[in-house]
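> What follows is a structure written as structure tokens; I'll ask about it next.
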């Protein structure tokens, strides 16, 4: 039996907090004056922390390639795989897409035309965060083909991360030139996905290498360099329009940032998981279990929090951002935990969850209580 990957909890924890922060701070664009220093700083922060997209995609590849790296390939295996994906991913996606359709109708008056609703649902456009789930679903659908290729081809298996980055950039160039695909396709994020797959196929060796200080410094510098570059490029190219650059070059920088940056954070997560105390691990895990639920729920909670916490274009903006962020994170956790605790089928809303909700006093949990109901995704298919 394969060992559980504890670092995925740290990565999920980080990614879910960052995605909430992206959307909380996004209000700077319509609130702060564009010629002000605060606007530029919030713009940089908001673009830099979008590494969360790469982390989520990397995790998708890591978990499933790790699970299937040694299993015997068979039709029943893949049928069971698709059955679980429908239950724990597609059903929650449809439920929340329908919810946000009605929510948008109530809050902004968007029409509930059956044809348009169906179109938005099929393309992940019912609400602004759902396009990402649409990409995840596509990765789930094509996964069996890719894992078979990885198992049969040593070249593909050893260079998945590089192939993924090349495919991502080439697809962008072809599609932006010829407009072949009008919706978001999984090929837009093959870099982080196949990086995750590569880690999953070579997890034991990558786990050992994660503790090498020299390479970690190099990967960290790459993360900072390309993160800073992509953030500044977006500011000058698309926000201020101060200079022009071919989109494919911007895409190259972004692809390296998401792929290499996510890999660096994986290595840091391995170190964190190794050094974490039992109480810290319990705390991180009990929140990270709800990462999928956070992603689905947080726009609604943030919108409702924003009704009671207005923003101003002065020094209060920083405090208001902190308050909105804190209330949104706490609100999401409490709502998901309550539904998990009190309803019989919380997985239909928030994906795969343990049978029992964790006690709120996570730091005081005993090891036997904590580890007995882990969301054992690193071993489940």
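Counting starts with 1 at the first residue shown.
Using the three backbone atoms N, Cα and C, a Cβ is placed for every residue, glycine included.
In case it's useful when we look at the structure, here is the feature table from TrEMBL:
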{"type": "DOMAIN", "residues": "6-337", "note": "domain 'Acyltransferase 3'"}
{"type": "TRANSMEM", "residues": "9-28", "note": "transmembrane segment"}
{"type": "TRANSMEM", "residues": "48-66", "note": "transmembrane segment"}
{"type": "TRANSMEM", "residues": "86-108", "note": "transmembrane segment"}
{"type": "TRANSMEM", "residues": "128-149", "note": "transmembrane segment"}
{"type": "TRANSMEM", "residues": "156-174", "note": "transmembrane segment"}
{"type": "TRANSMEM", "residues": "186-205", "note": "transmembrane segment"}
{"type": "TRANSMEM", "residues": "217-236", "note": "transmembrane segment"}
{"type": "TRANSMEM", "residues": "248-266", "note": "transmembrane segment"}
{"type": "TRANSMEM", "residues": "287-302", "note": "transmembrane segment"}
> Please indicate, using numbers and ranges, the residues of the same chain that are 6 or more beyond the transmembrane segment (9-28) and have a C-beta under 8 Å from a C-beta there.
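Contacts with the transmembrane segment (9-28): 38-39, 42-43, 45-46, 49-53, 55-56, 58-59, 128-129, 265-266, 269, 272-273, 276, 281, 284-285, 287-291, 294-295, 298-299, 302, 306, 311, 317, 321, 324-325, 328-329, 332.
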> Mind checking which residues of the chain, 6+ beyond the ends of the transmembrane segment (128-149), have their Cβ under 8 Å from one of its Cβ atoms?
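Same-chain contacts beyond the flanks: 19, 23, 53, 56-57, 60-61, 64-65, 68, 73, 78, 81, 85, 89-90, 93, 96-97, 100, 156, 184-186, 188-189, 193-194, 197, 295-296, 298-299.
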> Would you kindly list the residues that approach the transmembrane segment (156-174) from elsewhere in its chain, counting only those six or more residues past its ends and only Cβ-Cβ distances under 8 Å?
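Non-local partners: 149-150, 180, 185, 187-195, 197-198, 201, 247-248, 251-252, 255-256, 259, 263.
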> Select the range from 48-66, 86-108, 186-205 that forms the most Cβ-Cβ pairs under 8 Å with the transmembrane segment (217-236).
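Most Cβ pairs under 8 Å with the transmembrane segment (217-236) come from 48-66.
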> Give the one range among 48-66, 86-108, 287-302 whose Cβ atoms make the most pairs under 8 Å with those of the transmembrane segment (186-205).
48-66
> Taking all residues of the domain 'Acyltransferase 3' (6-337) together, what is their mean pLDDT?
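Computed over the domain 'Acyltransferase 3' (6-337), the mean pLDDT is 97 on the 0 to 100 scale.
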> Who are the long-range neighbours of the transmembrane segment (48-66) in its own chain, taking Cβ under 8 Å and residues 6 or more past its ends?
2, 5, 8, 11-12, 14-16, 18-19, 21-22, 132, 135-136, 139-140, 143, 147, 150, 189, 191-201, 203, 223, 227-228, 230-231, 257-259, 261-263, 265-266, 295, 377-378, 381
